[in-house]
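Asks: So TrEMBL has the following annotated:
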- 38-57: transmembrane segment (TRANSMEM)
- 64-83: transmembrane segment (TRANSMEM)
- 89-106: transmembrane segment (TRANSMEM)
- 113-130: transmembrane segment (TRANSMEM)
- 142-164: transmembrane segment (TRANSMEM)
- 176-195: transmembrane segment (TRANSMEM)
Amino acid sequence: MTYRSLLPGLVALLALPVTALAHPGHGAAGFTAGLAHPWLGADHLLAMIAVGAWALTLGGRARWLLPATFVAGMAGGAALGAGYGAAALAEWGIAGSLVFFGVCLAAGRRLPLGMAVVITALFAVAHGHAHGAEAGGGTAWLAFGAGMVLATAVLHALGVLAGIAAQRLPAAGIGLRLAGGATAAFGAVALVGLLA
């Protein structure tokens, strides 16, 4: 399989149109529910793929540090959400993350690594908090969290593959920037929706 054959699917995945951030039906707990959850909400899906792609475009230690930071921040945020319940600010953080990561991809924005790590961690806590609040507490939450962490790592890997394709194929770089713009636009619409 070549990177070129993966590109159309990755670009289409990044540009999925969705009418709302809400993605109900995740009341189930357990590993399988946690594994499925990040794939079923476009907000989480787009952000996690964007982090992987942005990390690769930054290069160096960012390639592994940003995805690892996101996974760790999300796990911590999930523990907070499971323990303390929903927080309205989490949805703002999720929508803001889409704008931020989307703009960084679209503009080819490079930030100092320390700043990129801190911002990624803060947005990851928001994503994790939303996941954890939906999963609830109890022992089933641990299995849910393990599935969620695995799914997040896979989504980051897909983002890294998109970044690799962008580095190797000139047209893929344009596609990645367009996908970043679409992600940022999705986040902006979500922010406007939160104001309503």
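Every residue gets a Cβ built from N, Cα and C, even glycine.
No curator has checked TrEMBL annotations; they are predicted automatically.
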Asks: Sequence gap of 6 or more, Cβ distance under 8 Å, 3 or more pairs: do the transmembrane segment (142-164) and the transmembrane segment (64-83) meet that?
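Replies: Between the transmembrane segment (64-83) and the transmembrane segment (142-164), which are separate recorded stretches, there is contact, as judged by 3 or more close Cβ pairs.
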Asks: Counting Cβ pairs closer than 8 Å, which of 64-83, 89-106, 176-195 has the most of them with the transmembrane segment (113-130)?
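Replies: Comparing 64-83, 89-106, 176-195 against the transmembrane segment (113-130), the winner is 64-83.
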Asks: Residues sitting near the transmembrane segment (64-83): Cβ under 8 Å, six or more positions beyond its termini, same chain?
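Replies: That would be 48, 51-52, 54-55, 58, 90, 113, 116-117, 120-137, 141, 145, 148-149, 152-153, 156-157, 159-160.
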